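A.B. asks: Not my notes, these are from TrEMBL:
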type	residues	note
DOMAIN	23-288	domain 'NADH:quinone oxidoreductase/Mrp antiporter transmembrane'
TRANSMEM	56-76	transmembrane segment
TRANSMEM	96-115	transmembrane segment
TRANSMEM	152-171	transmembrane segment
TRANSMEM	178-196	transmembrane segment
TRANSMEM	202-219	transmembrane segment
TRANSMEM	239-258	transmembrane segment
TRANSMEM	278-298	transmembrane segment
DOMAIN	290-343	domain 'NADH dehydrogenase subunit 2 C-terminal'
TRANSMEM	319-338	transmembrane segment
Amino acid sequence: MNPHAKLICTLSLIMGSSITISSNHWILAWTGLEINTLAIIPLISKSHHPRAIEAAIKYFLTQSTASALILFSSLTNAWSTGQWDITQLNHPTSCLLLTMAIAIKLGLVPFHFWFPEVLQGSPMITALLLSTLMKLPPITLLFMSSQSLNPTLLTFLAILSALVGGWMGLNQTQTRKILAFSSISHLGWMIIIITYNPHLTLLTFTLYTMMTTTVFLSLTQIKVLKLSTMLISWTKTPMLNATVMLTLLSLAGLPPLTGFMPKWLIIQELTKQEMTPTATIITLLSLLSLFFYLRLAYHSTITLPPNSSNHMKLWRTNKTLNTLTAILSTLSTFLLPLSPLMLTMF
């Protein structure tokens, strides 16, 4: 891809996200979302592979539908209340339409079908952007309008997302699809708490972004796209594979790693809100995603593949850990003791 075009797309992504995050007016927020959508499409389709073109078209169609719903929701609210402020979403139909639109933008169940396919057709760095940066503007809109949304509907969507994200990831062999269903499952945890403690949703999203970035950057450095190549990648970069294993276990939410912190705090908050059955259900559903995280971790550190592999064993190279990857992997693993500080910050 032309460096100038890549620079323009990257700057447009940053500008679109900044406009949506910093705006209080619905039209400005919608404009930022549209800039984001148009900027990411060339990055998805830059390989000119048929699968990449298909992913770009699917992404464009779903995001256009969601943007139209957001615009219709804000227009309905402005027509009935005379308010264009994002925090003044009072019309019931507008609230329902906005919830549907944000669910489509984020890839929540039952509007999740586009997300794994788009990630599978995208390059690794673009898939990282789709899993992290592109989710920040919709999460911000949910954060700003959280007091107006229906908590029962959001809880239903969250439990469905945790269920389907864990269930559908069980038999995947492509790392990008596994991480897509991991994202859907984590979004369920973020959405379930947003009406009760929106700041906890932001904390969960921040830690999820940190851990997912570490995994994507590590897999990009190892050049692993599927589990069969991950089996023999330990010969190439053993230290990086050990890092990937720890980060995956952290994503699974196992103590004493960083990923345990948001799940622990969300369960605690749900219990305070007298939603113990909901907390129990979503905790049990997280066991489904735990299985494929353990599967990925096992594949990343295994030294003798149990079945014959068609891939040539790789010579160990003298590659050192990227500084950014090293910092992110440390934060993704050892932040749990700093939970009181994180709570104070958020």
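Quick reminder: no glycine exception, Cβ is built from N, Cα and C everywhere.
Can you tell me where each of these features sits in the structure?
C.D. replies: Packing against the transmembrane segment (56-76) from elsewhere in the chain are residues 26-27, 29-30, 33-34, 37, 40-41, 44-45, 84, 89, 91, 93-95, 97-98, 100-102, 104-105, 111, 114, 117-118, 121, 130, 141: each is 6 or more residues past its ends and has a CB under 8 Å from a CB in it.
Residues 96, 99, 103, 108-110, 112, 116, 177-178, 181-192, 194-195, 275, 278, 281-282, 285-292 of the same chain lie 6+ residues outside the transmembrane segment (152-171) yet bring a C-beta within less than 8 angstroms of a C-beta in it.
Counting same-chain residues at least six beyond the ends of the transmembrane segment (278-298), those with a Cβ under 8 angstroms from any Cβ of the stretch are 155, 158-159, 162-163, 165-167, 169-170, 172, 175, 178, 181-182, 185, 188-189, 192, 227, 230, 244-245, 248-249, 251-254, 263, 266-267, 270-271.
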A.B. asks: Which whole-number mean pLDDT does the model give the domain 'NADH dehydrogenase subunit 2 C-terminal' (290-343)?
C.D. replies: 74
